[in-house]
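So the structure is just underneath, and the comments pick up after that.
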Amino acid sequence: MSAQRAAKRRTGDFHSEFPSSCGNPYQTACLLSKFIELPNPPLSRHQLKRLEEHRYQSCGKSLLEPLMQGFWEWLVIQVPQWIAPNLITIIGLLINIVTTVVLIYYCPTATEKAPTWTYLSCAIGLFMYQSLDAIDGKQARRTNSSTPLGELFDHGCDSLSTVFVVLGTCIAVQLGTNPDWMFFCCFAGMFMFYCAHWQTYVSGTLRFGIIDVTEVQIFIIIMHLLAAIGGPTLWLSMIPVLNVPMKLFPALCTVAGTVFSCTNYFRVIFTGGVGKNGSTIAGTSVLSPMLHIGSVIVLATMIYKKSSVQLFEKHPCLYILTFGFVSAKVTNKLVVAHMTKSEMHLHDSAFIGPALLFLNQYFNSFIDEYLVLWIALVLSLIDLIRYSVSVCNQIASHLHIEVFRIKTKMARFNHH
């Protein structure tokens with residue numbers, strides 16, 4: 001995520017052919033990857049060319065990052081040099097996803113109490129993700145394997161992790177009993193992550209605030225630990241002075257964080273454009289990215305409020321995951337647009353799932369909304385996976401590298 005991104009400095013380019021590394025023992029995996037890929041390469045030659053010119057730029061440090069750097073420096077030394085940076089990233093993401101999915105299994109409506117070990121596993125899983133996410137860039141520099149694929153892969157994993165992290169937090173505090181607050185917290189988290197890359201698309205520089213992702217992750221880890229120790233009674237207790245349930249404390253923090261972060265983001269978006277006449281890095285309108293995340297949030301809100309069967313209230317986790325996958329997809333496309341200095345197009349297959357839900361409601365839900373939600377979830381997940389795999393393979397092939405292995409001889413592309 002963002003504070004850790006300061007520790008990641010990786011860049012590169014791409015090709016449109018399939019990677020040349022499909023020999024034994026990777027043939028099966030490569031064939032499967034080829035099957036998943038989109039029929040047409042997602043990136044044009046012009047985008048690939050501009051990607052080669054991309055240079056990573058960042059500024060600012062969060063409050064706790066300097067304190068964590070010593071641990072991260074020690075940790076990366078423990079990692080064998082043959083392990084690829086992207087492999088470190090994906091392992092951390094999978095740990096984060098698995099621990100959250102277990103929590104979802106026990107708390108599908110975010111109102112149930114899960115076994116103590118599930119909250120502990122989420123806390124440990126998030127800490128492991130944070131740590132691995134922080135050292136993958138260090139491993140890239142250490143192994144002389146920095147490429148543009150690394151930066152894109154890192155941000156892509158972060159976009160998906162954000163969905164599971166915010167959902168896991170809502171489950172931990174049983175926020176499903178307050179569906180409006182749960183809806184706000186989840187989509188506020190996705191929106192803020194999108195805005196972080198939106199302002200980067202405008203200014204060309206990724207900015208870190210004094211309170212950034214490292215601090216938020218540690219706060220969420222504490223929430224999981226409190227859930228394990230205190231159980232449901234903790235969240236039902238009232239906060240002195242404020243006189244609101246303890247479970248709303250993370251929600252109130254989300255409100256404050258959203259106002260603070262968005263104020264800074266939009267200040268950059270409206271005044272920090274580096275393109276012609278204050279436009280984005282691609283020369284497009286600074287407001288154009290709003291159409292994508294705005295469409296996600298508007299559709300999610302309309303479907304939530306118009307459902308005749310209380311679809312979100314009864315199945316909040318499935319609902320958040322469905323729209324979370326769509327949000328992750330459009331965020332990834334925004335990152336690609338920034339790195340390739342290209343325009344974002346509104347038409348996107350990611351919206352097929354939400355469109356099905358919307359149309360089904362428009363025609364008086366002639367198909368069970370719960371069934372359509374599952375269909376939308378599967379379609380959104382498949383669309384995200386196909387796009388991500390296609391982009392990664394196209395870049396890897398163009399660079400003559402492998403996504404999850406370090407070649408003995410490879411060029412290093414410094415972008416910082």
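Glycine is no exception: its Cβ is also placed from the backbone N, Cα and C atoms.
Taken verbatim from Swiss-Prot:
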ACT_SITE  HIS155  active site, proton acceptor
BINDING   ASN86, GLU151  CDP-choline binding site
BINDING   ASP133, ASP154  Mg(2+) 1 binding site
CARBOHYD  ASN144  N-linked glycosylation site
SITE      GLU151  site 'Increases basicity of active site His'
TRANSMEM  89-108  transmembrane segment
TRANSMEM  116-133  transmembrane segment
TRANSMEM  156-176  transmembrane segment
TRANSMEM  180-199  transmembrane segment
TRANSMEM  210-230  transmembrane segment
TRANSMEM  246-267  transmembrane segment
TRANSMEM  286-306  transmembrane segment
TRANSMEM  315-334  transmembrane segment
TRANSMEM  349-363  transmembrane segment
TRANSMEM  368-388  transmembrane segment
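If you count C-beta pairs under 8 angstroms between the transmembrane segment (180-199) and each of 89-108, 116-133, 246-267, 286-306, 315-334, the highest count goes to 246-267.
Distance between Cα atoms for HIS155 (active site, proton acceptor) and ASP133 (Mg(2+) 1 binding site): 10 Å, as a whole number. Counting Cβ pairs closer than 8 Å and at least 6 residues apart in sequence, the transmembrane segment (315-334) and the transmembrane segment (210-230) reach fewer than three and form no contact. When the binding-site residues ASP133, ASP154 are scored by other C-beta atoms within 10 Å, ASP133 scores highest. Cα of GLU151 (CDP-choline binding site) to Cα of ASP133 (Mg(2+) 1 binding site): a distance of 11 Å.
Neighbour counts of Cβ atoms within 10 Å were taken for the recorded positions ASN86, ASN144, GLU151, HIS155; the minimum is at ASN144. Rounded to a whole number, the distance between the Cα atoms of ASN86 (CDP-choline binding site) and ASP133 (Mg(2+) 1 binding site) is 10 Å.
Looking at ASN86 (CDP-choline binding site) and the residue listed as 'N-linked glycosylation site', their Cα atoms lie 13 Å from each other. Residues 295-296, 299-300, 302-303, 306-308, 322-323, 325-326, 329-330, 369, 372-373, 375-377, 379-380, 383-384, 387 of the same chain lie 6 or more positions beyond the ends of the transmembrane segment (349-363) yet place their CB under 8 Å from a CB of it.
It is 116-133 that, among the stretches 116-133, 156-176, 286-306, 368-388, forms the most Cβ pairs under 8 Å with the transmembrane segment (89-108). The list of residues near the transmembrane segment (368-388) in space but at least 6 beyond its ends in sequence, with Cβ under 8 angstroms from a Cβ of it, reads 36-38, 42, 156, 160, 307-309, 311, 314-315, 318-319, 321-323, 325-326, 328-329, 332-333, 349-350, 352-354, 356-357, 360-361. Looking at which of 156-176, 246-267, 286-306 has the most CB pairs under 8 Å to the transmembrane segment (210-230), the answer is the stretch 156-176. The separation of ASP154 (Mg(2+) 1 binding site) from ASN144 (N-linked glycosylation site), Cα to Cα, is 17 Å.
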